[in-house]
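Listed features, source Swiss-Prot:
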DOMAIN    325-364  domain 'LRRCT'
REPEAT    116-137  repeat 'LRR 1'
REPEAT    142-163  repeat 'LRR 2'
REPEAT    168-190  repeat 'LRR 3'
REPEAT    191-217  repeat 'LRR 4'
REPEAT    218-241  repeat 'LRR 5'
REPEAT    242-264  repeat 'LRR 6'
REPEAT    267-288  repeat 'LRR 7'
REPEAT    291-312  repeat 'LRR 8'
Amino acid sequence: MHISTGMVRASISNTLVTLTIEGNNDRYQVILDKNVNAKQFVKTCWRNKKPLIVKEGKIFVDKGFPFDPCRTFLEALYEKYSYSSPLPSSVEFKSGKQVEFCGFEKIQSKQRDLKSLRVIILDNYRIEDIEIEYEYSKILPEVIDLDLSRNLFHEFFPILKLCSQLPSLRNLTLDSNLFSNFISSNTVLLIPHLTQLSVNGCGLNSKDVQWITETFPSLEVLYLEANEIILSKATSFKNLQFLQTLSLANNLNLYSADGYAVDVFQGINNLNLSSTSLADVAELPVHTLHKLTFLDISENNIRDIRSLDHLRTLENLKHLRITLSYFNKPTDIAKLLVIARIPSLVKLNDVNISPNERLDAELYYTSCIRKLVIDNEIKDVEELTKIEPFWEEIWKSHELPSIQFHLEASINDWTSGILKNRITKGIKISSINSGATMLLKLHYNWKLLDIKALISYHFAIPVHTSTFVFASSERDVSFSPKTVRDDQKRLFELPFTCTFIDVYAKESGNV
């Protein structure tokens, strides 16, 4: 095996690895797939007397290393599907019971007849090349599904020639083949009969994707996961008029370009964008995704839950996958808010949404809106709508009473009111001693001692040298806490609705 600067696939002890070389180095560095245990791999190789070199946590092999022998496509095909050894007709257990096999010979005889094969799976058969000089239309006329994953292909053109000779072929899987020369010929071949293509983890870039869309114009399902694709103005799938399912998961720099085609996902039903550096749902061209029913945007850095409002326009969206823990909220709370914001959802993270769960989610959302109004002192509908554009839809669907917005008041225009059905209320405060008057907002659950401390702070007077009279103009009553027990009363425990608080100096004797 010989490679120049770059990467290529090889097989060592029946384990698929990637080899890299830089410059004129006499060694290849061995890179293992994520699912391979490095320690176990090294032990197995040494046990089989494979001369691996381990240095500083990296694995190397010399150029003359005894790699596993490669096969051609036909060699692998005949090895698996034309195996001629007889099957046992029965098996006898230790107990003496004998079990006869029925029908297996018939199955094997059909496998031996390659012309009747409809599904071919040659996963990890160390296939390096395809003999393009044969007429595969006569050898494999009925093949519908072809899986050549985890082999040693480094050029795509022989596979393309094979597909062009299989008229019944509909599904092609080429996962984990590292194509160092994806477009290897100037010859243009169209494969109009292929409807599903999977090229996950094949080292493809944006130019390769554009070539795929032109070569396979009838694709309905396309998997491009774990490649090196970057969406740009030159990247588009609009040539694939029949495309329904597209997966670009684990393309870590997918959204790193400054701009990308707005019609890149036009007409797609199922879209997977997990782990693609998507930081804001607003980056999705939702106006071109009106047919979308499934969307996976999990494992992306989406932290603003309000950005999900962009998905409300997708009326056909039924299933959403998203990482709830990224919203800096408890997972159960984040789940309720996501459900409430997207009314079309029937499934979230592969779990069905029940009618009761949707009701709970929307009612919880309304409580969050009320809290938002109070905490931010929102004054009117327009101000709230700028923050939460769709709050009124949920309000009307549940026929909820109108929100009581924050009302600003000054000393001049303040009028007395009653503390009722409100969390906070403006109370007029006057200090007889200093001749000052002001308006404070008090919480109905505050203790009188806390209120006295707050008022004393504003008027710069000691708490224990003044008398505080809580009065009501409507009932003509007053209440002056004199004992510790009264001091611990809360505002709603007073025998009347408080509208005034007067502060007197104790030495005046006026209570």
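Going from the start of the chain as shown, residues are counted 1 onward.
Backbone N, Cα and C atoms are what each Cβ position is placed from, and that goes for glycine too.
Keep in mind the model is a prediction, meaning the values are calculated, not measured.
Model confidence over the repeat 'LRR 2' (142-163) is summarised by a mean pLDDT of 94. The residues of the repeat 'LRR 8' (291-312), classed with DSSP into helix (H, G, I), strand (E, B) and coil, number 8 helix, 3 strand, 11 coil. Here the repeat 'LRR 2' (142-163) has, by DSSP, the following mix of helix, strand and coil residues: 7 helix, 4 strand, 11 coil. Shown for the repeat 'LRR 1' (116-137): DSSP residue counts in helix, strand and coil, namely 3 helix, 6 strand, 13 coil. Counted with DSSP, the domain 'LRRCT' (325-364) comes out as 24 helix, 4 strand, 12 coil. Each residue in the repeat 'LRR 7' (267-288) gets a DSSP state, and the totals come to 6 helix, 3 strand, 13 coil. Under DSSP, residues within the repeat 'LRR 4' (191-217) fall into helix, strand and coil as 10 helix, 3 strand, 14 coil.
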